[in-house]
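Trainee: Below is the structure I would like to discuss, written out as structure tokens.
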Amino acid sequence: MMRKGVVAIVGRANVGKSTLFNRIVGERVSIVEDTPGVTRDRIYAHASWLTRDFSVIDTGGIELAQRDFVKEIRMQAEIAIEEADVIIFVVNGREGVLPEDELVARILQKSKKPVVLAVNKIDDVNFRDAIYDFYALGVGDPIPVSSSHGIGVGDVLDEVIALLPDEEEDDHEGEIRFSLIGRPNVGKSSLTNALLGEERVIVSDIEGTTRDAIDTAFEKDGQRYRVIDTAGMRKRGKVYENVEKYSVLRALSAIEKSDVILVLVDGERGIIEQDKHIAGYAHESGKGVVLVVNKWDLVTKDEKTMAKMTKKLREDFKYLDYARIAFVSAKQGSRVDTLFDLILEAYENQRKRVSTSVLNDVLIDAQAMNPTSNFEGGRLKIYYGNQVAINPPTFVLFVNDPKFLHFSYKRYLENKLREAFGFEGTPIHIICRKRD
Ligand code: GDP
Ligand code: GDP
């Protein structure tokens, strides 16, 4: 795994942040199909420029409920400083320097984070002289940009890449990294503490960057683990915790750094829309997933309660059918220990490699048992298959024509692979390629 850089875009409203964000991110093609029922925030995305990959955050998408522009822009700038390695500060070249720009500049200056100053809406050369006013902000050389016309964006990105810290191989061989995600008050911190159980903490991470400083490494039964902090900004208290997009953003950056994700839901209060949203991101990341029903102590139970909750979870999180479900109480510490086996299982299955000959036997049997039928004007023929990747396990099937593959048949093949090899806790990807 490579530690990628993070770039945040800040600036007051309507200067063109999201237009620039969209330019930088572009249309990215994913091999994973969109998961139905997952709404996408356009505030966090992957991007690349030249040979560098990085993540981009549009802080303008993180809004406070009440319309206090000064508070809002302060929050956005603080989040940018907390999350990013490089900050793109966008101003409007047509309007000159406004007090809100000065406020942002002062906050950024204090942070000492590298800043790239993009003077936007310089759509043609006649406006170019407008950029000189912005030297007064004291955050470096202004770069003329027209986000809507795509002019100057490359210059901004050249500068960004020059300022990003060197990519380091984030080699954590043998250490399992996991995070706990879920809506505020679901019990993330309580469960983290319960999992850590004081006596086990052997390493408390004090070096490293500020951002990683609250991740905790520990050992349990000879296995090394690291729990990635999701709450973030703990030191600031819970000020931003209830800004939904901010907690989503935190969850996304924790997911990125983890091997296995524990998706927490509140056993007492049940499943809400925000849970599905967060679970969808966990699924799409391709990482290992465990579903954890917390606060189980608060639930009045009879012999059917657990089965009912399981059914509900399977319905609401259809796409997570591979995830194990655990019922715990962080507060009472009950069944918390069982989570380690599930984390380990998901981690190992993520890395599982199957032999090509056994894989092909399974594919042949699957087709014999349930032959393909006509779809889109032809019948799918699978010549052979190959596992091409782990994290998650990814299979390429060479076929006569990928368009003949009906999604229900793909689903069937996935189930057959799962039956044969056991991939509990991890998604698997199946890709069809045409072989002439
Ligand atoms: P944000 O609030 O900072 O995210 O700003 P938006 O990206 O939503 O843009 C605000 C408005 O400025 C929209 O109407 C955009 O079309 C417009 N805009 C963005 N970039 C440019 C640009 O480079 N030139 C011009 N003329 N308009 C732009
Ligand atoms: P976070 O915001 O997701 O980190 O949630 P916290 O860990 O701060 O927990 C929120 C509240 O729920 C606190 O008052 C906890 O004491 C309580 N809580 C957490 N886990 C449990 C649990 O398993 N059972 C009960 N009864 N309360 C819990």
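Counting starts with 1 at the first residue shown.
Glycine too: its Cβ is placed from the backbone N, Cα and C atoms.
TrEMBL lists these features:
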DOMAIN    5-168  domain 'EngA-type G'
BINDING   11-18, 58-62, 120-123  GTP 1 binding site
DOMAIN    176-351  domain 'EngA-type G'
BINDING   182-189, 229-233, 294-297  GTP 2 binding site
Trainee: Report, in whole Å, the straight Cα-to-Cα distance of K17 (GTP 1 binding site) from W296 (GTP 2 binding site).
Mentor: 43
Trainee: Out of G11, N14, K17, T59, W296, which binding-site residues lie by ligand 2, with a C-beta less than 6 Å from some atom of it?
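Mentor: Cβ under 6 Å from ligand 2: none.
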Trainee: What's the CA-CA gap between G182 (GTP 2 binding site) and K17 (GTP 1 binding site) in angstrom, rounded?
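Mentor: Checking the Cα atoms of G182 (GTP 2 binding site) and K17 (GTP 1 binding site) gives a distance of 28 Å.
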Trainee: What whole-number Å value do you get for the CA-CA distance of N14 (GTP 1 binding site) and K188 (GTP 2 binding site)?
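Mentor: Taking the Cα atoms only, N14 (GTP 1 binding site) lies 36 Å from K188 (GTP 2 binding site).
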Trainee: Per residue, counting other C-beta atoms within 10 angstroms of the C-beta, which of the binding-site residues I62, I122 reaches the highest number?
Mentor: I122
Trainee: Do you know offhand how many angstrom separate I62 (GTP 1 binding site) and N185 (GTP 2 binding site) by C-alpha?
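Mentor: One finds 20 Å between the Cα atoms of these residues.
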Trainee: Taking only the binding-site residues G11, K17, T59, I122, which one has a CA atom nearest to the CA atom of K188 (GTP 2 binding site)?
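Mentor: Comparing Cα positions, the closest of these binding-site residues turns out to be T59.
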Trainee: For K17 (GTP 1 binding site), what is the tally of other C-beta atoms lying within 10 angstroms of its C-beta?
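Mentor: Total other Cβ atoms inside 10 Å, all chains included: 25.
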Trainee: Do me a favour and check the Cα-Cα span between I122 (GTP 1 binding site) and N185 (GTP 2 binding site); whole Å is fine.
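Mentor: The Cα atom of I122 (GTP 1 binding site) is 45 Å away from the Cα atom of N185 (GTP 2 binding site).
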Trainee: Please report the Cα separation of N185 (GTP 2 binding site) and G11 (GTP 1 binding site) in Å, rounded to an integer.
Mentor: 31
Trainee: For N14 (GTP 1 binding site), just count the other CB atoms lying within 10 A of its CB, please.
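Mentor: The Cβ of N14 (GTP 1 binding site) has 12 Cβ neighbours within 10 Å.
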Trainee: So of T59, N185, which of the binding-site residues has the fewest other Cβ atoms within 10 Å around its own Cβ?
Mentor: N185
Trainee: Same chain only, sequence gap of 6 or more: which residues have a CB within under 8 Å of the CB of G11 (GTP 1 binding site)?
Mentor: K17, G60, F89, V90, V91, D101, V104
Trainee: Got a sec? Which of N14, K17, I122, G182, N185, K188, the binding-site residues, have CB under 6 Å of any ligand 1 atom?
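Mentor: What lies within reach of ligand 1, judged by Cβ under 6 Å, is N14, K17.
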Trainee: Look up G182 (GTP 2 binding site) in the DSSP assignment and reduce it to helix, strand or coil.
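Mentor: Its secondary structure by DSSP: coil.
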